[in-house]
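Below is one structure, written out as structure tokens, with a few remarks after it.
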Amino acid sequence: MKAVKIHSAAEIELARAAGHAAAKVLEMITPFVQPGVTTDELDRICHDYLVNELKVIPANIGYEGYTRTVCTSVNHVVCHGIPSDKKLKKGDIVNIDVAIIKDGWYGDTSRMYFVGEPSVRARRLTDITYQAMVAGIKVVRPGATLGDIGDAIQQLAEGAGFSVVREYCGHGVGEIYHTGPQVLHYGEAGTGRVLEAGMIFTIEPMINVGKAATSVLSDGWTVVTKDRSLSAQWEHTIAVTATGYDLLTPWPEGTGDYPAI
């Protein structure tokens, strides 16, 4: 089991600076997500902005052999989609996941985008996934448990008729990209590790229209729903404070229909 670090106030500020930088990338790329653009092009735009404007390091390049700056997960892709020359089309939904390194600290966040007008089902899935992430975030405070987070997410998602992906979870982040604790997006309230002020971790539920089962494509990265149903994901990085939580990856202007938390 990976260690869980309790961060000082000064360390949380360093993590915040990294988180804000990562969030700026997702804000910047928003107007470029249009029908006809390729995810390769989106990756290049994000990379150039990261390196040339923000002056930070793309955390994903070289991570366990990954070669791109962002992950782009379209429609039935659950997570870790590799940018390609395939063009986005009207009605697609896409998650862009970015991680950066600033002054030795990692920032990690992702959000959903609509390509043109989404279907009713796609919008509802995206809405419910956002609400599930928020429900998980809202229970974060000292004395709560990891199971409280998972339970809040699972109850909301499954109550809406959707399923929660089991194989992938949130994680501790800071000076290390992926560390403890593991933050499951399902579970039983009152179980698991008790949260303490100074913990930093992501909450990033992956919710499917169909069944929860997933598989990994032959590229070794791309995770898809086995039944080819739509999947959505949102991700924020959270610090546990003395009185609750602090959002380290806020989107500067909110996110369209999805207001800032």
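Yeah, the Cβs are placed from backbone N, Cα and C, and that goes for glycine too.
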Taking TrEMBL at its word that HIS171, GLU204, GLU235 bind divalent metal cation 2, choose the one of ASP103, ASP108, ASP127, ASP148 listed for that site.
-> ASP108
Do you know which of ASP97, ASP246 TrEMBL groups with ASP108, GLU235 in the divalent metal cation 1 site?
-> ASP97
How many neighbouring Cβ atoms, not counting its own, are there within 10 Å of the Cβ of ASP97 (divalent metal cation 1 binding site)?
-> 22
For the binding-site residues ASP108, GLU235, which one has its C-beta crowded by the most other C-beta atoms within 10 angstroms?
-> ASP108
Would you please pick out, from the binding-site residues HIS80, HIS171, HIS178, the one with the fewest other Cβ atoms within 10 Å of its Cβ?
-> HIS178
